[in-house]
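The structure that follows is given in the form of structure tokens.
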Amino acid sequence: MSYTALAVTFFGWLALSSACYIQNCPIGGKRSVIDFMDVRKCIPCGPRNKGHCFGPNICCGEELGCYFGTTETLRCQEENFLPSPCESGRKPCGNNGGNCARSGICCNHESCTMDPACEQDSVFS
């Protein structure tokens, strides 16, 4: 094999193995550290847009509670196609990277649980 073919093969493999795009980076990859200045609020959802998306099938709001896999959550699936990360809720809670969704409820992108850290007095502190 000539040196030229070897070099082309090497750089070809290098190009294929080092690509990392926003939507498909591996955990711990080049873009795994999120710049918290770039995190935006997740899109509104639910009746009269009074809630916020916590996952592709979860919409929660203080006034309306939480919806799971209903027509109120359809808009949340749009988040999968947006290039920048988002965050709903203000106070972190739970053991799985969740945020307080409403009084007493902690949600991450997959599920919601009851959490005393999210009681009414401290939800937005």
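Every residue, even glycine, has its Cβ placed from backbone N, Cα and C.
Because the structure is a prediction, the values reported are computed rather than measured.
Taken from Swiss-Prot, the feature signal peptide applies to 1-19. The disulfide bond annotation in Swiss-Prot covers CYS20-CYS25, CYS42-CYS86, CYS45-CYS59, CYS53-CYS76, CYS60-CYS66, CYS93-CYS106, CYS100-CYS118, CYS107-CYS112, and the record cites similarity to another entry as its basis. Positions annotated as glycine amide by Swiss-Prot: GLY28.
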Using a Cβ-Cβ cut-off under 8 angstroms and a sequence gap of six or more, which residues of the chain neighbour CYS45 (disulfide bond)?
GLY51, HIS52, CYS53, CYS59, TYR67, GLU72, THR73, ARG75, CYS76
With every protein chain in view, how many other Cβ atoms are within 10 Å of the Cβ of CYS42 (disulfide bond)?
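CYS42 (disulfide bond) is surrounded by 23 other Cβ atoms within 10 Å.
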Can you check what DSSP calls CYS118 (disulfide bond), collapsed to helix, strand or coil?
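Going by the DSSP assignment, CYS118 (disulfide bond) falls within a helical segment, counted as helix.
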If you measure from the CA of CYS112 (disulfide bond) out to 10 Å, which disulfide-bonded residues from the list CYS42, CYS66, CYS86, CYS118 are inside that radius?
CYS66
Roughly how many angstrom lie between the C-alpha atoms of CYS60 (disulfide bond) and CYS107 (disulfide bond)?
9
When you measure from the Cβ of CYS118 (disulfide bond), which residues in the chain that are at least 6 apart have a Cβ under 8 Å away?
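Non-local contacts for CYS118 (disulfide bond): LYS91, CYS93, CYS100, ALA101, ARG102, SER103, GLY104, ILE105, CYS106.
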In the structure shown, with every protein chain counted, which of the disulfide-bonded residues CYS76, CYS93 has the densest set of Cβ atoms within 10 angstroms of its Cβ?
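Output for this query is CYS76.
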